[in-house]
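Chemist: Not my notes, these are from TrEMBL:
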SIGNAL    1-19  signal peptide
DOMAIN    29-174  domain 'Cupin type-1'
BINDING   His77, His79, Glu83, His122  Mn(2+) binding site
BINDING   His79, Glu83  oxalate binding site
Amino acid sequence: MNNLSYFFVLCLLATLSHAIELDFCVGDPRFRGEKTPNNVFGNNVTLAFSDVFPAFNGLGISMARLDFAVGGVIPVHSHRTSEVLILVKGSIIAGFIDTNNTAYYKRLEVGDVMVFPQAMLHFQINVGKTPATAFVSLNGANPALQLTPTALFAGNLPADIAQKITLVSQKEVMQMKRIFGTA
(Lines of atoms letter the chains of each structure in order from A and count residues from 1; the text may use other names and numbers.)
(Lines give C-alpha, C1' and ligand atoms only; values in the text may rest on other atoms or scores of the structure.)
Protein backbone atom coordinates (compact mmCIF):
# COMPACT_ATOMS: atom_id res chain seq x y z
CA MET A 1 0.00 0.00 0.00
CA ASN A 2 1.20 3.43 -0.71
CA ASN A 3 1.29 6.31 1.78
CA LEU A 4 -2.02 7.71 0.56
CA SER A 5 -3.76 4.42 1.30
CA TYR A 6 -2.30 4.35 4.82
CA PHE A 7 -3.54 7.88 5.36
CA PHE A 8 -7.12 7.01 4.34
CA VAL A 9 -7.14 3.88 6.53
CA LEU A 10 -5.97 5.93 9.53
CA CYS A 11 -8.64 8.56 8.84
CA LEU A 12 -11.29 5.86 8.72
CA LEU A 13 -10.10 4.34 12.00
CA ALA A 14 -10.00 7.74 13.67
CA THR A 15 -13.65 8.36 12.84
CA LEU A 16 -14.56 5.01 14.35
CA SER A 17 -12.78 5.66 17.65
CA HIS A 18 -14.77 6.11 20.82
CA ALA A 19 -12.67 8.94 22.23
CA ILE A 20 -15.68 10.52 23.91
CA GLU A 21 -15.61 7.66 26.39
CA LEU A 22 -12.33 9.05 27.70
CA ASP A 23 -13.69 12.55 28.30
CA PHE A 24 -14.88 11.74 31.80
CA CYS A 25 -13.40 10.01 34.82
CA VAL A 26 -14.65 6.54 35.65
CA GLY A 27 -12.03 5.85 38.34
CA ASP A 28 -14.55 6.10 41.17
CA PRO A 29 -18.17 6.60 40.11
CA ARG A 30 -19.32 6.73 43.77
CA PHE A 31 -19.47 9.72 46.09
CA ARG A 32 -20.34 9.98 49.77
CA GLY A 33 -20.49 13.13 51.82
CA GLU A 34 -21.44 14.38 55.27
CA LYS A 35 -25.12 14.08 56.19
CA THR A 36 -25.41 15.85 59.55
CA PRO A 37 -26.91 19.37 59.65
CA ASN A 38 -24.25 21.35 61.46
CA ASN A 39 -24.51 25.07 60.80
CA VAL A 40 -26.50 28.16 61.77
CA PHE A 41 -29.12 27.35 59.11
CA GLY A 42 -29.78 23.82 60.40
CA ASN A 43 -28.70 22.18 57.16
CA ASN A 44 -25.90 20.28 55.53
CA VAL A 45 -25.36 20.62 51.81
CA THR A 46 -23.12 17.97 50.29
CA LEU A 47 -22.03 19.25 46.89
CA ALA A 48 -21.14 16.73 44.20
CA PHE A 49 -19.65 19.14 41.67
CA SER A 50 -16.97 18.00 39.23
CA ASP A 51 -14.16 19.40 41.41
CA VAL A 52 -15.00 16.98 44.27
CA PHE A 53 -16.65 14.19 42.26
CA PRO A 54 -14.46 13.59 39.18
CA ALA A 55 -16.93 11.09 37.70
CA PHE A 56 -18.95 14.14 36.58
CA ASN A 57 -16.04 15.56 34.53
CA GLY A 58 -17.18 16.18 30.98
CA LEU A 59 -20.83 15.31 31.62
CA GLY A 60 -22.12 18.86 32.19
CA ILE A 61 -24.10 17.91 35.32
CA SER A 62 -23.74 18.06 39.09
CA MET A 63 -25.75 17.10 42.14
CA ALA A 64 -26.12 17.88 45.81
CA ARG A 65 -27.66 16.23 48.84
CA LEU A 66 -29.61 18.52 51.17
CA ASP A 67 -30.04 17.42 54.78
CA PHE A 68 -32.31 19.53 57.01
CA ALA A 69 -32.65 19.48 60.78
CA VAL A 70 -36.18 20.08 62.08
CA GLY A 71 -36.81 23.75 61.22
CA GLY A 72 -33.67 23.88 59.07
CA VAL A 73 -33.47 26.01 55.95
CA ILE A 74 -31.49 26.39 52.78
CA PRO A 75 -31.47 30.20 52.71
CA VAL A 76 -32.21 32.30 49.66
CA HIS A 77 -29.54 31.58 47.06
CA SER A 78 -28.93 31.31 43.34
CA HIS A 79 -26.90 29.33 40.79
CA ARG A 80 -25.96 30.02 37.20
CA THR A 81 -27.82 26.83 36.21
CA SER A 82 -31.30 25.35 36.50
CA GLU A 83 -32.01 22.91 39.33
CA VAL A 84 -34.36 19.98 39.88
CA LEU A 85 -35.13 18.87 43.46
CA ILE A 86 -36.67 15.60 44.60
CA LEU A 87 -37.68 15.18 48.23
CA VAL A 88 -36.86 11.74 49.65
CA LYS A 89 -37.59 12.28 53.36
CA GLY A 90 -39.66 14.74 55.38
CA SER A 91 -41.76 17.72 54.36
CA ILE A 92 -40.44 21.06 53.10
CA ILE A 93 -41.61 24.29 51.56
CA ALA A 94 -39.58 25.07 48.45
CA GLY A 95 -39.87 28.09 46.25
CA PHE A 96 -38.31 30.66 43.98
CA ILE A 97 -38.82 34.34 43.29
CA ASP A 98 -38.94 35.47 39.67
CA THR A 99 -37.67 38.75 38.24
CA ASN A 100 -41.12 40.31 38.69
CA ASN A 101 -40.79 39.59 42.45
CA THR A 102 -43.51 36.95 42.27
CA ALA A 103 -42.90 34.08 44.68
CA TYR A 104 -43.73 30.54 43.59
CA TYR A 105 -43.65 28.07 46.47
CA LYS A 106 -45.20 24.74 47.40
CA ARG A 107 -45.19 22.33 50.28
CA LEU A 108 -43.41 19.21 49.08
CA GLU A 109 -43.87 15.71 50.47
CA VAL A 110 -41.78 12.59 49.86
CA GLY A 111 -41.50 11.89 46.12
CA ASP A 112 -42.45 15.42 45.03
CA VAL A 113 -40.26 17.21 42.49
CA MET A 114 -39.74 20.94 41.95
CA VAL A 115 -37.81 22.87 39.30
CA PHE A 116 -35.91 26.10 39.96
CA PRO A 117 -35.21 28.14 36.81
CA GLN A 118 -31.69 29.29 36.03
CA ALA A 119 -30.36 32.14 38.19
CA MET A 120 -33.64 32.62 40.13
CA LEU A 121 -33.42 33.23 43.87
CA HIS A 122 -34.75 30.12 45.62
CA PHE A 123 -35.01 28.49 49.05
CA GLN A 124 -36.13 25.44 51.00
CA ILE A 125 -37.52 25.20 54.56
CA ASN A 126 -38.12 22.03 56.59
CA VAL A 127 -41.67 22.44 57.89
CA GLY A 128 -42.06 18.86 59.13
CA LYS A 129 -41.62 17.37 62.58
CA THR A 130 -38.70 15.18 61.45
CA PRO A 131 -35.42 15.79 59.60
CA ALA A 132 -35.73 16.07 55.82
CA THR A 133 -33.54 15.01 52.90
CA ALA A 134 -33.62 16.06 49.27
CA PHE A 135 -31.41 15.51 46.24
CA VAL A 136 -30.88 18.14 43.58
CA SER A 137 -29.51 17.87 40.09
CA LEU A 138 -28.07 20.86 38.25
CA ASN A 139 -27.38 21.22 34.55
CA GLY A 140 -23.77 22.33 34.85
CA ALA A 141 -20.51 20.79 36.00
CA ASN A 142 -19.80 23.73 38.31
CA PRO A 143 -23.07 25.61 38.82
CA ALA A 144 -21.68 27.80 41.62
CA LEU A 145 -23.68 28.74 44.68
CA GLN A 146 -24.26 32.18 46.15
CA LEU A 147 -26.13 32.36 49.44
CA THR A 148 -27.72 35.79 49.76
CA PRO A 149 -27.31 36.13 53.56
CA THR A 150 -23.64 35.18 53.50
CA ALA A 151 -23.00 37.36 50.45
CA LEU A 152 -24.38 40.35 52.36
CA PHE A 153 -23.17 39.70 55.90
CA ALA A 154 -20.29 37.18 55.94
CA GLY A 155 -17.91 38.93 53.59
CA ASN A 156 -16.09 42.23 53.63
CA LEU A 157 -19.08 44.41 52.65
CA PRO A 158 -19.03 47.33 55.12
CA ALA A 159 -21.95 47.43 57.58
CA ASP A 160 -23.08 50.90 56.47
CA ILE A 161 -23.36 49.75 52.84
CA ALA A 162 -25.17 46.53 53.89
CA GLN A 163 -27.61 48.68 55.87
CA LYS A 164 -28.34 50.97 52.91
CA ILE A 165 -28.83 48.21 50.34
CA THR A 166 -30.98 45.98 52.58
CA LEU A 167 -33.00 48.64 54.43
CA VAL A 168 -32.38 46.88 57.74
CA SER A 169 -31.17 48.74 60.82
CA GLN A 170 -27.51 49.12 61.77
CA LYS A 171 -28.23 46.98 64.85
CA GLU A 172 -29.66 44.15 62.71
CA VAL A 173 -26.75 44.34 60.25
CA MET A 174 -24.27 44.05 63.12
CA GLN A 175 -26.25 41.15 64.59
CA MET A 176 -26.05 39.33 61.25
CA LYS A 177 -22.33 40.07 60.93
CA ARG A 178 -21.79 38.66 64.44
CA ILE A 179 -23.63 35.46 63.49
CA PHE A 180 -21.22 35.02 60.56
CA GLY A 181 -18.18 36.12 62.57
CA THR A 182 -17.43 39.28 60.58
CA ALA A 183 -18.51 42.00 63.03
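Each residue, glycine too, has its Cβ placed from N, Cα and C.
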Chemist: Count the Cβ atoms, other than its own, that fall within 10 Å of the Cβ of His77 (Mn(2+) binding site), considering every protein chain shown.
Modeler: 19
Chemist: Under DSSP, is His77 (Mn(2+) binding site) part of a helix or a strand, or is it coil?
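Modeler: For His77 (Mn(2+) binding site) - judged by DSSP and reduced to three states - the answer is strand.
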Chemist: When you measure from the Cβ of His122 (Mn(2+) binding site), how many other Cβ atoms are you left with inside 10 Å?
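Modeler: Within a 10 Å radius of the Cβ of His122 (Mn(2+) binding site) lie 23 other Cβ atoms.
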Chemist: With every protein chain in view, how many other Cβ atoms are within 10 Å of the Cβ of Glu83 (Mn(2+) binding site)?
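Modeler: Summing over all protein chains shown, Glu83 (Mn(2+) binding site) has 23 other Cβ atoms within 10 Å.
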Chemist: Return the count of C-beta atoms lying within 10 angstroms of the C-beta of His79 (Mn(2+) binding site), excluding that atom itself.
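Modeler: 22, counting other Cβ atoms within 10 Å of His79 (Mn(2+) binding site).
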Chemist: Per DSSP, what is the residue count of the domain 'Cupin type-1' (29-174) in each of helix, strand and coil?
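Modeler: The domain 'Cupin type-1' (29-174) comes out at 22 helix, 57 strand, 67 coil.
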Chemist: For the domain 'Cupin type-1' (29-174), what's the model's average pLDDT?
Modeler: 93
Chemist: If you take the centroid of the Cβ atoms of His77, His79, Glu83, His122, the listed Mn(2+) site, which other residues of that chain have their Cβ within 8 Å of it?
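Modeler: Surrounding the site, in chain order, are Ser78, Phe96, Phe116, Met120, Leu121, Leu145.
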